[in-house]
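What follows is a single structure, written as structure tokens, with notes after it.
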Amino acid sequence: MLIIRNKQELKEVILKQKQANKTIGFVPTMGFLHEGHMTLVSHARKESDFVVMSVFVNPTQFGPNEDFDAYPRDEAHDAKLAEEGGVDILFVPTVEEIYPTELSTKLHVDKRVSVLDGADREGHFDGVVTVLTKLFHLVSPDNAYFGQKDAQQVAVVSGLVEDYFFPVNLRIIATVREADGLAKSSRNVYLTEKERKEAPVIHEALQLGRKLIESGETNQAKIVQMMTEKINEQTSHELIAYLAIYSYPEFTPVTDWSKGIIIAAAVKYSKARLIDNELINVKRR
């Protein structure tokens, strides 16, 4: 496995692979890798000739009061897991390598971001599409791999790819969970012992919402109330950042319960904000 920090060196290696007609699979991450990331790598390894993983904590997707400086980082750990998983290139650029100067052209996401994380984290998705635009140009992937846990991000990135004709196939992989149902996340390390015991209730509440919808319930307020009560069995209502149901991938009010629907939750603990979701009537790509 090559560890590359320079974008010019990355482009040269990618060009050689392209000239050899190799398909490239790309797994963009912010590092502190866990089983969820490695599941994406496993799919990339099976479906691509050459696998590139990026580890870059992107400052433009963090708000002024968010955890950019505190976000967990462990390059040695990441490199070990990446090599064991069969990654060919681990791209680990500095902030200066990706953002050498102040941007003269800025991307702004208009749709699919007025609710949930888009509303809760102003400017977050602008930063996501900005860094992915840069990375897609550098890596030129045939396939790019994302997890369903970040479903709103997936919808936004799908819009980016469609709007700007990126020649990349997005592969959306099911959320990887702990044995008790908690979605694997780099932020789980921030949980206290008590919070870690409580956190699986997020997934339990989402499963309850799915069960109600699939049984024919269409009273959205009732569904959300029952999910809220489920979470409140383990934690306090004040910790719920959002618990909502929208059409997917549009993130608009549900008008047709037979089409794509997302049930989404975000819960704030003392040092971690955890998100999770359930998708209904949605096929992963």
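Each residue, glycine too, has its Cβ placed from N, Cα and C.
Feature annotation from Swiss-Prot assigns ATP binding site to 30-37, 147-150, V176, 184-187; the stated evidence is sequence analysis. Swiss-Prot lists H37 with the feature active site, proton donor. Annotation comment: Swiss-Prot describes Q61, Q153 as (R)-pantoate binding site, evidence class sequence analysis. Per Swiss-Prot, beta-alanine binding site is recorded for Q61, and the stated evidence type is sequence analysis.
The two recorded residues, Q148 (ATP binding site) and Q61 ((R)-pantoate binding site), show a Cα separation of 19 Å.
The binding-site residues M30, L33, V176 differ in how many other CB atoms lie within 10 Å of their CB, and the one with the most is L33.
Q148 (ATP binding site) has a Cβ environment of 20 other Cβ atoms inside 10 Å. Note: the Cα of V176 (ATP binding site) and the Cα of Q153 ((R)-pantoate binding site) are spaced 17 Å from each other. Each residue contributes its Cα atom, and for Q153 ((R)-pantoate binding site) and M30 (ATP binding site) those atoms are 14 Å apart. Its Cβ taken as reference, G36 (ATP binding site) is surrounded by 20 other Cβ atoms within 10 Å in the chains shown.
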